[in-house]
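Asker: Dropping a structure here in structure tokens format, bear with me for questions.
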Amino acid sequence: MQQQSPPTAPQQQQQQQRERETYQLDHIGVHCNVTDCRVLDFLPFNCDLCNLSFCMEHKGYENHKCKNIEQRENKIVHPCPVCNCLIKVDSLANLDQTVRFIISVHMDTDCKFNQSKAPKSFKCSLKTCKTSEFVEVKCDKCKSNYCLKHRFPTNHSCTGKPIINSLSKPINTTINNNINNNTNNINNNINNNKNNNNNNNNNNNNNNNNNNNNNNNNNNNNNNNNNNNNNSNNNNKLIYPGNIKKNIVEDKQYYLEQKNQKSELQKLREEQNQRYKSSEEIGEIGIIQTNGARIQYDFMATDTLRSVQKFINSNRTDGTCSYALCTQPTGNPFTLNQLNLSIRQLGLLPVSTLYMLPLDNSNNFNNSGNNNNNSSDQSLLSYLNPFKYFK
């Protein structure tokens, strides 16, 4: 076994440099600023007052003996009542006033829901309309604001004058009339009192004359009061302008037309429903064949007798002999003119039975040259077998 030679001095220096390079981590973390500690901390804590970094043990103000601990003050935060954002309050003196002032400044500048920043809306001046637009649309004639639907003069029945509230003039007239009536009543009462005083002074001399005069004066005063009351009642009535009356009449006509249209539409819908229901009616028809067998099918109310005939010809089991259809085994058969009539018109709803009466084709073929108006010639024949006559 060969013995390893001890490392030389330059080799030892190279190893020490390599170890220093591998284990040196000063560029990653931060050392604690406490002189007795100086721990390398990879997640240091920064002090708010002295702006220095410390380890976990010395992060508190008292642990690292912070010099700026006297500068610390209590901080108060108040939420905004609109956006719920926290607002810092700097001074503690007069908290109520400072909080109100800070909140008002915040709402005027930084608040999200600031009313001054919100877009304005313009309401339509038409009474029946309640829409509002973000753009002001004025009429050229009456110069009042309307929505996009009623912006044209024909849509809002423009009169060419600015719109005034309909109750403004009548209220003013009623107030003036009431004031005038009150003044007239006061003057009348004063005159009555004067007349009564004069009459009382002259009662000793002319009792009869004074009584007559008093009665006359009282009657006159009563008449005046009645007239004034009647005038006040008449004046209290609202005097509408002519344009508003026209608008009221037009609105009534418009609503009456709408009612008439609705009633007509309801009638049409009822008729359509009746037609639809009638078309959905089903008639159950049973057919007894010449051999006594029975076939049955559900036909619609609008189906004709020809469709019944086609069903019989495609589903019969009694052969190919000619037949006539009857409602009774000994009754009159249906004629050719009744082929295009519906089941409802023939009275076969809701349930009915038809009988197939056999016919002799040879007799009908021989008698076809004669002009006999017998019922058998007009009877309903399903079809004739042309090969039967050429035996």
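Even glycines carry a Cβ here, placed using N, Cα and C.
Take a look at what Swiss-Prot says about it:
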BINDING   CYS139, CYS142, HIS156, CYS158  Zn(2+) 4 binding site
COMPBIAS  1-16  compositional bias 'Low complexity'
COMPBIAS  185-236  compositional bias 'Low complexity'
REGION    1-20  region 'Disordered'
REGION    185-240  region 'Disordered'
ZN_FING   26-74  zinc finger
ZN_FING   118-166  zinc finger
Asker: How many other Cβ atoms are found within 10 Å of the Cβ atom of HIS156 (Zn(2+) 4 binding site), counting all protein chains shown?
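Answerer: The answer is 23.
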Asker: Ranked by the number of other Cβ atoms within 10 Å of their own Cβ, which of the binding-site residues CYS139, CYS158 ranks first?
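Answerer: For the binding-site residues CYS139, CYS158, the Cβ with the most other Cβ atoms within 10 Å is CYS139.
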Asker: Please work out the helix, strand and coil residue numbers for the zinc finger (118-166) from the DSSP assignment.
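Answerer: Per-class counts: 0 helix, 6 strand, 43 coil.
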Asker: Could you tell me how many residues in the zinc finger (26-74) are helical, how many are strand and how many are coil under DSSP?
Answerer: 3 helix, 8 strand, 38 coil
Asker: Tell me, what is the mean pLDDT of the zinc finger (118-166)?
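Answerer: So the average pLDDT across the zinc finger (118-166) works out to 80.
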Asker: Can you count the other CB atoms that lie within 10 A of the CB of CYS142 (Zn(2+) 4 binding site)?
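Answerer: That number is 17.
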